[in-house]
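For reference, the structure is listed below as structure tokens.
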Ligand SMILES: Cc1ncc(COP(=O)(O)O)c(C=O)c1O
């Protein structure tokens, strides 16, 4: 049988060992006689699953003690509203939120935040067609913003911000790390809040991870639904309402798999090597094109185009025949895209590179 490699941007490939363990435990989790899906979230079995997941994630990202880890619902998009509803209250009715507009996802965040506060687009990559991060020297940051929002990995545009910028004193950085969390080492203490939908590097869709500093909790606007008030979520171990229990269980297995495989530092080394291999094949001649400035190319999401536009269907059919799946680009930008998250082995990237070379007649 052909080995399958799944390059979906999300929901995305999960480690095979994780899926095998979940399958083995599906009907009876560790002698409990229950599937994890059937357990009360308040029972000792699920509480132990939850606490292990929380503490493993804390260890993997070296999350300091003054940050809470929340497992919420609603995905990355709802955080575009949930975060302003929780954070702008600190600054009163005239609060401003700063944004750097680097692509599709930060664009969506800007639109949503404008419903809750004044928005200042401190810098925009629009002029470059979202192929680079505007130089920090050109960012016009507000001195007293409620926070600065960055999408540190633009999943559609393939642009990654690989640094935590300097910001005016007291302005927290909020980072949408949906598509590269756990793929590289980050200094959590440089951020006020990190969030991400799970369905790329963490687990199944339906879990949204929020890592938030203590002092940013407890300022929710009255309009904020109580189930999305960070104070309620943090004060109840993410169980103010029923959490996405099965998704948290799978995320926990992914965290264990990461720890077994050397943690985030080892993943980062693997991801550097995978990205190097793939970009080298795309850059070998002008048969393929990745438009992102090399310095800002994402290690996780690699959009690319064919010089000859009439060949997309043939490319995708040939890829599928070789077990290389879900390479179609996002509908808003067209072309092709390979997402090479933590769970994509280097063999999968090599198989794609072999096919890229074959299709280009090299
Ligand atoms: C960077 C980024 N932010 C936000 C989202 C939206 O996440 P969700 O679909 O979970 O709401 C996505 C989805 O792909 C994403 O890639």
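A Cβ is built for glycine as well, from the same backbone N, Cα and C atoms used for every other residue.
Remember, TrEMBL labels are computer predictions, not curated facts.
Its own atom aside, the Cβ of residue 42 (L-glutamate binding site) has 9 Cβ atoms within 10 angstroms in the protein chains shown. Among the features that TrEMBL reports, L-glutamate binding site is placed at 42.
Here residue 241 (pyridoxal 5'-phosphate binding site) comes close to 227: these same-chain residues lie at least six apart in sequence, with C-beta atoms under 8 angstroms from its C-beta. In the three-state DSSP scheme, residue 241 (pyridoxal 5'-phosphate binding site) falls into the coil class. Look at TrEMBL and you will find 105, 155, 176, 199, 241, 242 tagged as pyridoxal 5'-phosphate binding site.
In the predicted model, the domain 'Aminotransferase class V' (4-352) has a mean pLDDT of 98. If you look up TrEMBL, you'll see 4-352 marked as domain 'Aminotransferase class V'.
Neighbour list (residue 200 (N6-(pyridoxal phosphate)lysine), Cβ cut-off 8 Å, at least 6 residues apart, same chain): 9, 10, 11, 12, 155, 178, 179, 180, 181, 300, 339, 341. According to TrEMBL, the N6-(pyridoxal phosphate)lysine annotation covers 200.
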Less than 6 Å between Cβ and the nearest atom of ligand 1 is the rule; apply it to the binding-site residues 42, 105, 155, 176, 241, 242. 105, 155, 176
Tell me which of the binding-site residues 105, 176, 199, 242 ends up closest to residue 42 (L-glutamate binding site) in space, Cα to Cα. 242
